[in-house]
Amino acid sequence: MQTNKGSLLWENLRVDLEPWLKDAIRSLNYPTMTPVQASTIPLLSGNKDVIVEAVTGSGKTLAFAIPVLQKVSKRLYQVPEGEEKPEPVKRGHMLAIVMAPTRELAKQIQMVFDKVLELLPEEDSYEPRIKTQLLVGFLGNVREDLDSYQENRPQILIATPGRLLDFMSLQIVKTSSLEIVILDEADKLLDMSFETDVIKILKMLPKQRRTGLFSATISAAGDTIFRTGMNNPVKLQVKTKNFLGEQNNAPTSLQLSYMMIEPEHKLTTMLQMLRDNQFKKAIVYFPTCTSVKHFYQMLSKLCKSSANDIDISALLFFSLHGQLTTKSRLNTLEKFTEGNDESKKYILMATDVAARGIDIPDVDLVIQIDPPTDPSVFLHRCGRTGRANKVGRAIVMLNNDTQEEDYVGFMEVKSVFMTKIDPPEDKDNHSFHNKFQKKLRKYMLEDRARHELAVKSYVGFVRYYSKHIASLIFRLASLDYIAIAKMYGLLRLPKMPESRYIENEKMPEDGWLGEVVDMDTYAYLDKSAEKARLENLEKDKLAKAENAKRRKELKVKNEAWSSKTEKRETKLERKEKMKRKREAIEKQLEAEQERGGLDEEEVKEDWKDLVRKNKKKQKSNGGGGGGGVLQGSFDDL
């Protein structure tokens, strides 16, 4: 869709907005519309359902906020024909719903609405006031939400799906008056994690309503769109072109780059870029919640204690991930957004919880330590900078000696184009990296808990890597596990199935990455944790000693049993030998009987005498087994 600057003036908007809304837009210093706003507002303010796919930072939030406020305003303040005053909204009813996949995005959407509503005139004709209510998980409970809903009677609900479904299941909440529903980041809301709740909510709403779906990657939602109950929707796609004239899903103000780098150097390269580049605020994306927690703790500590050799004291880090409470996440986001100390550089370390829809002013740089497992998230991450036609840079780090450079071509198929850049030079032969690694090892040795968190982060990264959609590019077999472990600050490689990919000649002895550490004396800084560790260590020592004692007793018992068995076997052998001797004597006596005519009684007597003589002979020879003619004839038996 091509537009010129004149056609984007608010005066040329093809819909007659409420007077107060026109004045509010003028007061907020929005001189012109963006293409997505110029296309969407007239359709959604009228009687059209819309599916809007537009690049990040293109003004999508205002593109649906204005139609929502227009519809609510008309419903509250316009007098129907034949009536003396507007029809009041019944108790328990709402007029509009806006759904978002994350609490942070929902909060930011509410801030946009409230910013416009602050300019609603303080006049009797604008009563009741237009109000919004935020419904997100872990921020209060459903009972508190209901109390607020009944007391304030908001017309616009801004919510995440789970909490909204719980809220709408209450009997007192009515949906029959609803006029419009918006799904922001609709592709995420319609994927497996939210789809069931979202479809249930939509089925609870009136069929005669307007529906708007908004996202930078709406095509990822696929056929699920048809389950949203839209009526003949208009699909709007607002895209840009790069300097080669190719369609680009990223805004032209956003410079997308990638660098090939040794895994071990990723963290220090990131720090060098943050230290040396000029920017106000930056966002650095990490793979997992645990890795954000690990690197945030590490860098916050090292920044405070860093000397001139690796001066990173001007960097101020913030942490944002899904394991934080809602209150902590919103507070962090607020502090990062409002930070304005000119002597500091503000860096938000985050997972993909900060990838969608969040609009933070003055974010000039985005760095991705690793690409996201879902390629559709890549553009959402990058889109936190270069918003509203401001210049921004987004850089993704790819591992050397792997197939990861193929990711660039993979993203080009999705109309996302990147240029290659070189890592910043370390002029003194990796001196920054080496100094940082020494400080990192010292940091790890100070507290056993830090190393445990590092190991957990490392294992989490390997699992994260194994789940990449582009598995032919991101292969576990090609990773440099030792280099990655050093980047995470590990003292020793953990035992895990993926270790089989490490070549035998490269595998360090017992997995130690540097000097061997005595794990019995490797202590926790936390006194209670250390006390518990020492108690467990003592228990383990006693248990080992007890086990050793039992093994020794069992060995003796086994030996005694073995000796008895041998004696029993010897006794049986002697009996067998005596039996053979007896049989031999009997045969000899029978032979003599035949030759000499001895009778049976004499044979028996002679046999007994022969045995007695043989025994006497054995005794006279010291029990040596006898040496006579008769005995000699038995020796080979």
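Every residue, even glycine, has its Cβ placed from backbone N, Cα and C.
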Swiss-Prot annotation (motif 'DEAD box') - matching range among 72-75, 184-187, 240-243: 184-187
Examine the ranges 10-38, 39-67, 300-328 and name the one recorded by Swiss-Prot as motif 'Q motif'. 10-38
Determine which residues of the chain contact the motif 'Q motif' (10-38) at the Cβ level, with the cut-off under 8 Å and only residues 6 or more beyond its ends counted. 1, 3, 45-46, 52, 54, 58-60, 62-63, 66, 69-70, 73-74, 77, 115-116, 119-121, 126, 236, 238, 388
So Gly57 (ATP binding site), by the Cβ count within 10 Å over all chains shown, scores 23
Take every residue in the domain 'Helicase ATP-binding' (41-236), average their pLDDT values, and give the whole-number result. 90
Other than Ala54, Val55, Thr56, Gly57, Ser58, Gly59, Lys60, Thr61, which residues of the same chain sit close to ATP? List them in sequence order, counting a residue when its Cβ is within 8 Å of the Cβ centroid of the site. Thr34, Val36, Ala63, Ala216, Val238, Pro251, Gly383, Arg387
Using DSSP, how many residues of the motif 'Q motif' (10-38) fall into helix, strand and coil, respectively? 16 helix, 1 strand, 12 coil
Where does Lys60 (ATP binding site) sit by DSSP, helix, strand or coil? helix
Tell me the Cβ neighbour count for Thr56 (ATP binding site), meaning other Cβ atoms within 10 Å of its Cβ, over all protein chains shown. 25
